[in-house]
Amino acid sequence: MNVIDLFSGCGGFSKGFLDENFRILGAIENFKPVVKTYLYNIKAPVWMDDIKRIPPKAFDEFIKNEKVDVIIGSPPCEPFTKANKLIKDNPLDRLYKDKVGRLVLYYIDYVNYFTQRNDDLIFVMENVPQIKEIKDELKKLFGDIGHKVYFNILRAEDYGNPSKRARMFISNIKLKPKKVDKLVVVEEALKDIPKDAKNHEIKKLSKEKVEMISKLKWGEALYRYRGKKKLMFNWYKLHPKKLAPTVKGRSRFIHPYEDRLLTVREQARLMSYPDDFVFFGGRDVQYNQIGESVPPILGRAIAKEIKKQL
């Protein structure tokens, strides 16, 4: 079963499908360090460019015109998330007037093109739950190309992810993966990391910063910032017996037992990445790749559901 991944990021979504023995034909991603991460771990070809400059027909040729069974992908969520204090007030403006929001339309163009080549195509588009504010418009756009769509909100922690993460998965099938019996908490996620693991370098902090974070209790944060409608937190001290909060691109977490930030590897553990999944780019770029991805364990749960349909 063949998959293409649009707006692939570092490859968390693709990794989940690989783990269920799907074949990744190719991906589109436009940021070089992220592409390097994807190529190293997923080992599938990537067209590195802005999707606006890649017509579906050209990408079809790039993957040698092979049959596409599944399209996955995660158009940028910034235009739709309330964490963005510059989010446009009119929901439709987020789709049509925000140049980043318009990337969703390119995803739909790809679905349209590959549907014409395979009537049984399945697609899954990931975004933040707030994208439901343009639900009717998305129903119309997908309906115009022959697809009834379902708006599936899935919580990654229900499938074994150690951090909370509610996301919308818009698809032409209902997605109801089997949930795990027991949640995975921070302490369990962070244990037994080999000292020589990749991406496991500890960031040196100033004495003043160490003193500040030493005074924090579990569940407290050093910094706060204003989202569109609510206060957001960063440098959050993790509670060892609970789930971690949602991992975002700029999220930084404090170790529950040590006065330091989590390493990139530890943060990747919170998003269910295996230790042999290596991240490239500067440290901030690595953190960002993790926070902007679909946890592989959730991607795999979705892949299992799709297998039933195919």
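Placed from the backbone N, Cα and C atoms, the Cβ positions cover glycine too.
Quick look at what Swiss-Prot annotates:
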ACT_SITE  Cys77  active site
DOMAIN    1-310  domain 'SAM-dependent MTase C5-type'
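Within the same chain, residues at least six positions away from Cys77 (active site) with a Cβ under 8 Å of its Cβ are Asn127, Val128, Ile131. Looking only at the domain 'SAM-dependent MTase C5-type' (1-310), the predicted model's pLDDT averages out at 95. The residue listed as 'active site' falls within neither a helix nor a strand when secondary structure is assigned with DSSP, and so counts as coil.
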